[in-house]
Amino acid sequence: MQAPVVGGVRLPRGNGEVIRLARGASLSDFAEKIDANPASLVQALFNLGEMVTATQSVGDDTLQLLGDELNFKVQVVSPEDEDRELLDSFDLTYGDDDDEEEDLVVRPPVVTVMGHVDHGKTRLLDTIRQANVREGEHGGITQHIGAYQVPTTLDGEERLITFIDTPGHEAFTAMRARGAKVTDIAILVVAADDGVMPQTVEAINHAKSADVPIVVAVNKIDKEGADPAKIRGQLTEFGLVAEEYGGDTMFVDISARNGTNIDQLLEAVLLTADASLDLRANPDREAQGVSIEAHLDRGRGPVATVLIQRGTLRVGDSVVAGDAYGRVRKMVDEHGDDVPEALPSRPVQVIGFTSVPRAGDSLLVVEEDRIARQIADRRAARRRNELAAKGRRRISLEDLDSVLKETSQLNLILKGDNSGTVEALEEALIGIDVGEEVELRVIDRGVGGVTETNVNLAAASNAIIIGFNVRAEGKATELANREGVEIRYYTVIYQAIEEITKALTGMLKPVYEEVSLGTVEIRALFKSSKAGLIAGCMVTSGVVRRNAKARLLRDSAVIAENLTVTSLRREKDDATEVREGYECGLTLTYSDFKVGDVIETYELQEKPRG
Ligand code: GDP
């Protein structure tokens with residue numbers, strides 16, 4: 001059979017065989033699989049309307065398109081599948097598939113507090129942290145490690161609840177985006193003096209799509225104007241019907257400030273867990289968990305808070321979390337105490353990683369350091385590919401010209417105090433939508449202060465650096481000043497988003513809107529040695545102005561566009577404007593007009609961006 005010709009290029013033709021390509025693969029990868037010359041694939045794709053280089057990552061649909069053209073069946077392997085295969089090759093699985101029913105033991109529920117800004121999420125977490133300290137615990141909870149456990153009594157039995165100590169749904173969604181399901185129950189905080197707000201609705205949607213039951217904390221009941229009944233009414237619209245109204249959602253009226261009904265809220269969490277979830281895990285196996293927060297500590301190196309999901313994590317275990325690996329040297333809890341072993345649902349700070357894992361990375365205990373390292377390395381390589389794929393914008397030939405002329409791109413480098421916030425910030429920033437013409441790219445991100453390396457990269461790629469809860473280190477500020485690199489510092493995600501949105505909108509070129517002025521009809525033509533051909537007109541509607549934009553119509557068809565009224569006279573005098581019903585003489589930047597033609601005049605007004 002003849003080789004197919006794609007856009008003039010001869011290429012090998014498949015027989016419908018399956019080719020597996022990793023998400024974010026390049027044309028070189030593709031070429032290697034089908035034993036073709038990468039350059040010919042580049043050319044073929046170019047002819048199909050896409051410009052990519054051989055080593056650049058391409059999107060799924062591009063791989064499919066090329067596959068279809070060449071009669072190969074392209075299977076794009078998702079990162080999850082790939083990871084499963086990777087673990088499989090080491091005889092490992094992430095998950096509880098192999099746990100026997102009789103090995104399962106009840107574990108504490110893991111709770112995330114969500115809700116609208118200022119409704120009291122942070123305050124609630126603080127109050128719970130302070131009020132529920134087990135007797136004999138010295139000093140209570142002293143460290144922020146990203147999660148904490150509190151005891152609560154239900155039916156005379158002491159039980160634990162694990163709280164994720166980062167309020168808001170950004171962290172929740174960032175983790176879910178990595179496929180990590182950490183939260184068992186969401187506490188939805190709604191201020192009784194305010195009501196259901198946009199982020200309340202978002203939180204409900206996030207919890208629902210993750211299939212996480214919700215307990216509603218109606219907060220600030222100490223405030224004047226608090227109306228808990230109204231909140232119950234509003235929430236029924238979102239499918240959250242209070243038990244007292246015949247529904248199955250528990251509502252607890254609280255005051256995070258005064259500590260009112262906090263115990264009842266904790267009880268409601270346990271009751272909801274018991275009623276709708278089967279929270280059990282096998283403690284007798286190698287530990288698996290999720291990294292929920294991680295940062296680089298000056299003295300201790302990479303520090304990651306890990307929530308154990310099954311098994312028991314012990315000091316000395318070889319671990320891999322995402323593309324970080326290491327051996328557990330030390331584990332510390334939220335009280336600052338050493339923990340020799342951590343059971344399911346227990347959050348612990350793990351020291352001993354060689355690099356900082358990301359929030360949402362799953363953690364596995366493996367047999368030996370070598371395996372941990374191999375898995376980490378393979379994942380790191382894959383992640384580099386993925387990032388490259390994500391950062392690339394597809395440019396079609398049709399708009400290549402305009403893209404080259406018009407694309408405004410805002411490059412950002414994000415630095416933050418822990419990986420959770422950096423990710424939340426990245427996610428939120430990427431989500432800013434200001435239309436097609438401006439593109440936002442996060443070209444680098446990381447945990448820790450702003451370094452000279454960051455500044456150098458920013459200078460080279462014309463980027464702005466965002467420091468979230470961190471400052472510049474060493475000579476970074478000096479360098480930034482010298483290089484003209486802008487560093488912006490934030491402590492509130494919301495504010496960062498607002499300012500970046502503004503910056504992006506500012507980069508947009510103004511949009512002009514045509515505002516019609518009026519129409520004139522040409523009744524006579526005069527020749528002037530100075531002005532050329534003059535149209536003697538009658539203004540039939542609106543007005544005509546000097547310097548106005550105009551188009552010429554003949555028999556209702558546009559003859560000429562984008563003209564300007566260069567001079568305007570009323571009788572013998574220059575005029576700036578002539579109104580409907582009056583005669584005038586005018587010249588245009590175009591003089592091929594005739595008696596009977598109609599001139600439409602308009603102005604361009606800048607349209608505010610929505
Ligand atoms: P977040 O944005 O949801 O984390 O809200 P915060 O926890 O920061 O609370 C926002 C504001 O509401 C703060 O000034 C809190 O002190 C206040 N606040 C929180 N809970 C209560 C409460 O139960 N009663 C009253 N009166 N104020 C509260």
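Going from the start of the chain as shown, residues are counted 1 onward.
In case you wondered, yes, glycine gets a Cβ from its N, Cα and C as well.
TrEMBL annotations:
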| type | residues | note |
| --- | --- | --- |
| DOMAIN | 106-278 | domain 'Tr-type G' |
| BINDING | 115-122, 165-169, 219-222 | GTP binding site |
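Here the features listed in TrEMBL are painted onto the structure.
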residue	record	DSSP class
Gly115	GTP binding site	strand
Lys121	GTP binding site	helix
Thr166	GTP binding site	coil
Ile221	GTP binding site	coil
Other CB atoms within 10 A, centred on Ile221 (GTP binding site): 22
Listed in sequence order, residues with CB under 8 A of Lys121 (GTP binding site) and six or more positions away: Val113, Met114, Gly115, Pro167, Gly168, Val189
Distance-selected binding-site residues near ligand 1 (C-beta under 6 Å), from Asp118, Lys121, His169: Asp118, Lys121
Among Gly115, Asp118, Thr166, which are binding-site residues, the residue with the most C-beta atoms within 10 angstroms of its C-beta: Gly115
